[in-house]
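Visitor: To start, I am sharing the structure in question, which I have written as structure tokens.
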Amino acid sequence: MKPTTISHLRQWKQEQRKFATITAYDASFSRLFFEQGIRVMLVGDSLGMTVQGHDSTLPVTTHDIVYHTQCVRRGAPLALVLSDMPFMTYATPEQTFSQAAELMRAGANMVKLEGGSWLAPTVKMLTERAVPVCGHLGLTPQSVNIFGGYKIQGRSESDANQLLADALALEEAGAQLLVLECVPVALAKRVTEALSIPVIGIGAGNVTDGQILVMHDALGITGDSTPKFAKNFLAQSGDIRTAVRLYSQEVEQGIYPAEEHSFH
């Protein structure tokens, strides 16, 4: 089997073949995910909440992401691994490249940054230096204090138009992938159709090219804080491997996310 690359994701978009992705933080789970057919994994700064017990992603450091990226890479050497750049690690060009290089050396295939068109010069700079970039728009958790909480984004016409403009700007700057979080289905459809790069949704309906879930949400182990867009696949199956396979299959077949997991 050959390694999964961004070329595969582009081909899947062209073929209208939906794909599932998931967050991973260690070797055991990344190996299990890959064995059950998930080829793309994100070492997310969500680990600040799910693994470290913080109330946000803000305390996560590059050192944390490097460590978990190394673990995930060992468990799934053929997966396409995305790694988050934590809060305040891409404030200047010099800092950005240094931090991104650390993640790439740790085993990431691509780095993910949160932000709109203001990030375009940063995306261009990284792309020119052979660092593939995934953008992240909509509800960007590192901006939770600006948003005033975890709220749906892009509901007004002006906000929706701005988000679409941001997505196009990131693509033009060289982003090869986009995560779209907690936006209305209609807006997610506009963005997915407007971009030539694959769009991965979370809380964006089933109209995007791919889906991503935090593994703890997909397995129902986040307690009372499970978001509306999540589904507990372990409750359906009673077995972790079966749950992961079910998640992947429901995404590929367009069953998940359903209307009950979507926003308008």
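Glycine residues also receive a Cβ, built from the backbone N, Cα and C atoms like all the rest.
The Mg(2+) binding site annotation in Swiss-Prot covers ASP45, ASP84, GLU114. The 3-methyl-2-oxobutanoate binding site annotation in Swiss-Prot covers ASP45, SER46, ASP84, LYS112. For GLU181, the entry in Swiss-Prot reads active site, proton acceptor, with the evidence type sequence analysis.
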Visitor: Around LYS112 (3-methyl-2-oxobutanoate binding site), which residues of its chain at least 6 apart sit with Cβ under 8 Å of its Cβ?
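Guide: Spatial neighbours, sequence-distant, of LYS112 (3-methyl-2-oxobutanoate binding site): LEU42, GLY44, LEU82, SER83, ASP84, MET85, VAL133, CYS134, GLY135, HIS136, VAL179.
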Visitor: Taking just the CA atoms, what is the gap between ASP45 (Mg(2+) binding site) and the residue listed as 'active site, proton acceptor' in Å?
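Guide: The residue listed as 'active site, proton acceptor' has its Cα 14 Å from the Cα of ASP45 (Mg(2+) binding site).
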Visitor: Counting every protein chain present, what is the number of Cβ atoms, excluding its own, within 10 Å of the Cβ of GLU114 (Mg(2+) binding site)?
Guide: 23
Visitor: Compute the C-alpha separation of GLU114 (Mg(2+) binding site) from GLU181 (active site, proton acceptor), stating it in Å without decimals.
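Guide: Per the Cα atoms, GLU114 (Mg(2+) binding site) and GLU181 (active site, proton acceptor) stand 11 Å apart.
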Visitor: By a simple count, how many Cβ atoms lie within 10 Å of the Cβ of the residue listed as 'active site, proton acceptor', its own Cβ left out?
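Guide: For the residue listed as 'active site, proton acceptor', the 10 Å Cβ neighbour count is 22.
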Visitor: Including all protein chains displayed, how many Cβ atoms other than that of ASP84 (Mg(2+) binding site) lie within 10 Å of its Cβ?
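Guide: Excluding its own Cβ, the number within 10 Å is 32.
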Visitor: Whole-number Å distance between the CA of GLU181 (active site, proton acceptor) and the CA of SER46 (3-methyl-2-oxobutanoate binding site)?
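Guide: Rounded to a whole number, the Cα-Cα distance is 13 Å.
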Visitor: Hey, of the binding-site residues listed (ASP45, SER46), which one tops the CB count within 10 A?
Guide: ASP45
